[in-house]
Structures are given as C-alpha cells and as structure tokens.
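Data block below; observations after.
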Amino acid sequence: MAELMQFVLSGLTVGAVYALVALGFTIIYNASDVVNFAQGEFVMLGGMITVFANMAGLPIPLAALTAIVVTAVAGVALNKLAIEPARGAPVVSLIIITIGASIFMRGLAQVVFDKQLHRFPAFTGDTPIMIMGATILPQALWVLFGALVVFAGLWAFFTRTLTGKAVLATSNNRLAAQLVGINTNWVMTMSFALSAGIGALAGVLVTPITNTSYDVGIALALKGFAAAMLGGMGNPIGALVGGLLLGLIEALTAGYISSVYKDAAAFVVILLVLFFMPRGIFGKSSTDRV
Amino acid sequence: MKSLTALATLAALGLASAASADIKIGATMSETGPAAFLGDPEAKTLKMLVEKLNAAGGINGEQIELVLYDDGGDPNKARTFATRLVEDDEVKAIIGGTTTGTTMSIIPVAEDSEVPFISLAGAVEIIEPVKEWTFKTPHTDRMACEKIFEDMKARGISKIGMISGTDGFGASMRKQCLGVVGNYGIEILADESYGPTDADMTPQLTNIKNTAGIQAVLNPGFGQGPSIVTRNFQQLAVGLPLYQSHGVASKSFIDLAGAEAAEGVHLPGAALLVADLLPADDPQKPVVEAYTAEYTAKYNEAVSTFGGHAYDAFQILMQAIERAGSDDPSAIRDEIEKTTGYVGTGGVVNMTPEDHLGLDLTAFRMLEIKDGTWTLVE
C-alpha cells in the first residue's frame, strides 16, 4: 500500500510538471492554432533567469518575478519579430518558425548564461511530507498548486472574460474577429506574453525538482506537448488531466513493470487515446464547413 | 589604408608559413555542441600549454604549432577534420576526440595514415583491443566500477542495488560494472534505470529499498540524473550507503543535490578534484596543484578532470617527441608506448605495447561527501 502510494505521489510530482508546461501551450494554440514549440524554451528561460538573477544578488521571489517579466517580453518579441511578419503563412510554416525560434533561444542562452546545470533551493525546504507511509517533497505541492491556479485562471479567462472570448474568436476566424472590432494583432501579442509568462512560472516552480540548464526546454516541451495532445490541445482541463495522467502512467510503469518501459508505456497509451479520440480526451470534435 | 591592411595580411601569412617548418600538432575537439563542457576546457588547456612551451623555447629547439579544429561533437566532422589534419596540415600527431563517438571516427584515419593519436574520451573500447597508433589518457568506466566494488568489498558489502541512467555514459558504465562485478563476489539484486531528463526516481528507488538484503546502492550516471537520485534517496530515507560514479565528481554535484542530501555519498574521483586534500608526499600533488594554479590564473574558472586529460595527453606527447629527438611520427609513436612513470593529473602512467592507457586503480581516489565538501577515504 505504501508502495502504491509512493508511485502515485511520484506520478503526481512528475505529472504536475508536465501539466504546467502543457498549460502554456493552450493560449497561443487557442489564439492561432499554432503549437508553439518554443514553449519549452520559455520554461528554460524562467528557470535560468531566476538562477542568474539570484546569483546576481536578487532574493528568489524578486528574481522569479524578473524572470517571468523578461520571458513575457521575449514572448512578445517572438511574436513581433518572427510570427507577425509571417502573417498569412500556413499554420505549418508558423510551427516551423517556432522550432527555429526555440533553437535560436537555446543557442542564445548557451552564450548569455552557461552550459552548466543549475538549481536554487526549494521554496519551503526539502523535508519530505509523509502521506500514508509514502513521501512527497514540499516543492511538488508548489508545482501542483501552481498548475491548479494556472488552470483555474485560464478556465476563467476563456469562459468568463471578454478578452478570452476575443482570443477564441481570433482563432475561429481572424477576418470575422476583425470585423466585429477585435484587435487581432493585440490578441496575438497578448497570447504570446501570457504563454511565455506561464512557461516562465513553470520554470520557476519546477527548477528545484528538475534542475535547469540551457537545454532542458526540448525534453520538457516534448512531454508537455504529449500531455496536451493526450488531454486535448487548447483545453486547459485537458492539459491538466493529460499531464497528471502521463506522470501517473510513467510512475506506475516504472514501479510495477520496469523502469525500462516507462516512456514506452506512456507513449503507447497516448497513441491508443489518439487512435480512438483523435482530438484528445477533452478535445471537441472538429466541424469543418464544406 | 586598404593596401596597408593587405600588406599586413601578407606579412602575417608569410610569418605563418615560416612557422610551419616547426613541429605541427593537430587537435580536433568538441569546443561547442552538446559535449562543449568537456571540449572547452580541453581546448583551453592545450592552447595554454602550447603557448607556455613555445615561450620557454619549444622542444628540441623547435617551436610547436597547434592546429585546432572544433568538431562540435559530431563524429562525421571529427573524421573530416582528422583527414584534413593528416593530409593538408601534415601534422605529426593528433590529440583529441573529446567524446567516444568522435574518437571512434578519428581512429581509422590515424591508423591508416600512421599518425600517433591520443584520445581524451572514456570508453574502454578505444584501447581494447590495442590499436597500434591509438592511445588515451582518461580512466575507463571499468576502472571506476572496479574502484567502487573494491571499496564495497572492503566494507563487507556483497549485495547491492543499481540504478543507472539510460544515456550513453550511464548505459556504458552499467555494462562495464555488470561485467566485472562477479570478480568481487558482489551480487546485483536490483537493476533499475531512468531517462536522462527524468524529474523523479522514487518509484525505482522504492523498488530497490523494498528488495530484501540490499546493503548499498550504486548509481552510474551523468548530468542531472544523479543529483535527483541523491535527493530522492534522502526523501525516501533509504538509509543505505549510496555510491555515485566519477561522472559527477565535480563541485556542482553537491550544489545540485543539496549538501544535506549529498551527505555521506561515496564516489571515485581523480586526484585533480581534491588537489588541496592530497597528503604532502603524494606524487601527484605538485602536478595537480601546478595545473590548477596555472589554469585558474589564465581562465579564471575551476579546473575539470577533462582539461586534465588534455594536459596529460600533451605532456606525454611532448616527452615522447623529446625522447625521440625527431618529429618522425613512427618514432614518436614508439616513444609514447614506452612512457613510464609519467605523473599526470589522471594518475601515474606506465604504457606497454599491450596497454595504451597505462593507468591502474590508484588513479582514482575514493571520496566521501561530508558537510558539503569532499573528503578522502583511505
């Protein structure tokens, strides 16, 4: 029993990390149908800027805030310099642009920061919390809490606010959105800023667990993307459930079957889900006008 | 103004070709790319040593010219650069091959063109079976395994659990450890693994913890994995001795794992890392202290064992050229093979025709982390 509990807690720890990254994909995807593959780099920037701002003498909370603001600015720059000039290009081209941007950001981080691994202390210490004979680190609770808050915020944003609805309208039909008076350029800029900010927040929260370095973005983005696909791209609840589910499958496979098949098992489940539910667990079935 | 620049360029070219009459040494290293943290200190070390040697009058009255290429960790590029070194630059010897991958692609070039080659990569496959023109300076994974098992045996540990990374380093060391563990009468009761970017290893460690009879845990791994294993190990209060590999023997490991979690971790490490802890009569002490002082003064960063490998390769090569009294590649090769009693940063090197590495287990020191710093275990 304690064993199962430990596997579940481990799954929740890892799953919360995936969920937080997956949530970051949501806004840009909802605004433009673009899967932003530079999302992992936002997470990396969040962690790395916090580390270096902290080393420069800023206390962690201030360093984290700096990281989130700077990363949001980087997100806006990405939109203004790379996505907006390519306006009108097909979605696939835009996705390829985000891949290019991620490579660029990784290269830049390697020069501006360094190539070493870094970490800063957990917010509330490293003393494990005992739950039914199993343990979880306090930082994992922070990550879980962060994922829940971001989820709640996004849910309220898309269903309760006019701005959120403007984002969805822009995604549905940009021309129609413009005709009803939505400033679609501003919507795109804001989506990138918000996505980047959420990514950076994820980076700040997960770094005490995962460590950070200039190249952590790829692996995190890949798992976050898989989680978002599993749950249903663009849906905040999908990102949350998808992330936690992915973490749990990995942890239970590692615990009960073999750590060798951990990733394979997770991807088999994703393939099966996408086979029967191509839009993910919570994805809306798509309706195309003919 | 333009013609003046052109004139200056011409003059520089003229100087360069005049200098090419000296002894040419080639190197291809991964200064950038994923192995940059290995290749960067290696290249810096070589440049520093060549500069110093030339300022002191060179070797056998001749200056050394270093031709250095950056292969970015790409084996294809490494092969191209090795060919260029041999055919266009006509070097007398090659140092390099930062990773096992790049080394393996340089070996055929060096062997075919009969140019001595000293590799800076870890795998035992580089020198086993022995190749006529290929040598290496870093210790092998197998030696690290043997050092660890030797220490376990001395402590009466006979049943262990192993958790290894699935990256190149972890997988290779796991294989080597499984190969030699029988010689020490030690049994591996649990054999778990984790991916190089995983964020939590508590499921694997829970299984190890729940396996009856395990007396210690070994973690062959590199990069961030070992620091997370160490933290999870403390989180689960496993309460057994934890052995890490030489792959994490750097100051940053203690920071990443946290001093509290890293307390009591055992690992084999090179003398270079604990230069200040070595007893005064240790033969390696003057060498590692001098290299550390020189390197930190020039580049203002901490030394790493990787730069040390380049230091050893260069010194072995220079001593061989000095003894050979000529820059004939074949004579240099013979002298490298005769290297005996060379005290370097990696240990005392005694090469033979059967052993193109020449290190024994004394090259490793068993270390234990106490109060957030290294201590020597003897």
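Cβ atoms are placed via backbone N, Cα and C, with glycine included.
TrEMBL labels come from automatic prediction, so no person has curated them.
Annotated features, as they stand in TrEMBL:
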- A:7-29: transmembrane segment (TRANSMEM)
- A:49-78: transmembrane segment (TRANSMEM)
- A:90-109: transmembrane segment (TRANSMEM)
- A:129-158: transmembrane segment (TRANSMEM)
- A:179-206: transmembrane segment (TRANSMEM)
- A:212-230: transmembrane segment (TRANSMEM)
- A:237-258: transmembrane segment (TRANSMEM)
- A:264-282: transmembrane segment (TRANSMEM)
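Non-local neighbours of the transmembrane segment (A:179-206) in the same chain are 17, 20-21, 23-28, 30-32, 36, 39-50, 64, 67-76, 78-80, 83-84, 139, 142-143, 146, 150, 163, 166-167, 169-170, 212, 220; each lies 6+ residues outside the stretch with a CB under 8 Å from one of its CB atoms.
Annotation: stretch A:237-258 has the most Cβ pairs under 8 Å to the transmembrane segment (A:264-282), among A:7-29, A:49-78, A:90-109, A:129-158, A:237-258. A Cβ distance under 8 Å defines the sequence-distant neighbours of the transmembrane segment (A:49-78), meaning residues of its chain 6+ beyond its ends; these are 38, 42, 98, 101, 105, 113, 118-121, 123, 189, 192-197, 199-201, 203-204, 207, 212.
No contact links the transmembrane segment (A:90-109) to the transmembrane segment (A:237-258), because fewer than 3 Cβ pairs that are 6 or more residues apart lie under 8 A. At the 8 Å Cβ cutoff, the transmembrane segment (A:212-230) and the transmembrane segment (A:129-158) share fewer than 3 close pairs (sequence separation 6 or more) and do not count as touching. Tertiary neighbourhood of the transmembrane segment (A:129-158): same-chain residues 1-3, 5-6, 8-9, 12-13, 16-17, 19-20, 23, 26-27, 30, 122-123, 164-165, 167-168, 198, 201-202, 205-206, 208-209, 236-237, 239-240, 243, selected by CB-CB distance under 8 Å and a gap of 6+ residues from either end.
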